[in-house]
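The structure appears right after this line, and notes come after that.
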Amino acid sequence: MLTVYVDMMSQPARALLIFIRLNKLPVKEVVINLARGRNRQDEYLEIYKLGKIPCLKEGDWVLPESATILRYLARTFSDKIAAHWYPEESKARAKVEAAMDWHHSNTRQGCMLLIWNQVIAPANGQPYSESLIKRATFVLEQSLQALERYWLADTTFVAGDDISIADLLICTELVMLRMLDGAQDEVRDMEAWLKPYPKVRTWMFGVHDSTEPYWSEVHAIMHAAARKLKERKFHETSLSKL
Ligand SMILES: N[C@@H](CCC(=O)N[C@@H](CS)C(=O)NCC(=O)O)C(=O)O
């Protein structure tokens, strides 16, 4: 039996969950609550010493890293999934892998650093860094430009005209920009970030529409967290005016 350890607040975990649920893969889901620090407790550290989410377990064998897990599941269950998720043909497959590799030092770096330093850390009274916000802003701008001008220049999805596991990984990361609504200062929100990139916007809707109702299902907790932060911000702002 395969088990994935996930939390819905984790972007890479959400990509995995959408893939598993949409394709009805026989994989058990176990939630490790990041907000409660469960990933740093012995029970989980015994499974994966680095304490990161997600990971996959099959018997005694443990596999970390969302991109590798997605590829492993796509290979293992190739008879259960449509070929477009991870094409067999060598060049088409290489394109999916290239997009996944690109993502780690681009969309992942930009979004993760920005959301952590501009939203999550300040909201939780944890240290954050203005220089990392600057760096993340630069990386995210470059990433969105690369998506618009290269990855989505001539195709509907990042590795071709059909959706693949690369789209899940990149799009679940970008949608984390929704959390910017809850930033304490007036910052560029998701609308403003994506406005200059019509192809990226259209693609995000395409990924959403191709993966419903699972997209909404796995993003519900993140939307609730964003709403909560936004309400708290509004409340704090109105009180400070009294
Ligand atoms: N490159 C890894 C990233 C894993 C990762 O950074 N996970 C975050 C959640 S999105 C995590 O577990 N953070 C908790 C921690 O570091 O304590 C992947 O794609 O699986």
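Keep in mind that glycine also has a Cβ here, set from the backbone N, Cα and C atoms.
What TrEMBL says about this protein:
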| type | residues | note |
| --- | --- | --- |
| DOMAIN | 1-81 | domain 'GST N-terminal' |
| DOMAIN | 89-234 | domain 'GST C-terminal' |
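The DSSP breakdown of the domain 'GST C-terminal' (89-234) into helical (H, G, I), extended (E, B) and coil residues amounts to 113 helix, 2 strand, 31 coil. Sorting each residue of the domain 'GST N-terminal' (1-81) by its DSSP state yields 30 helix, 18 strand, 33 coil.
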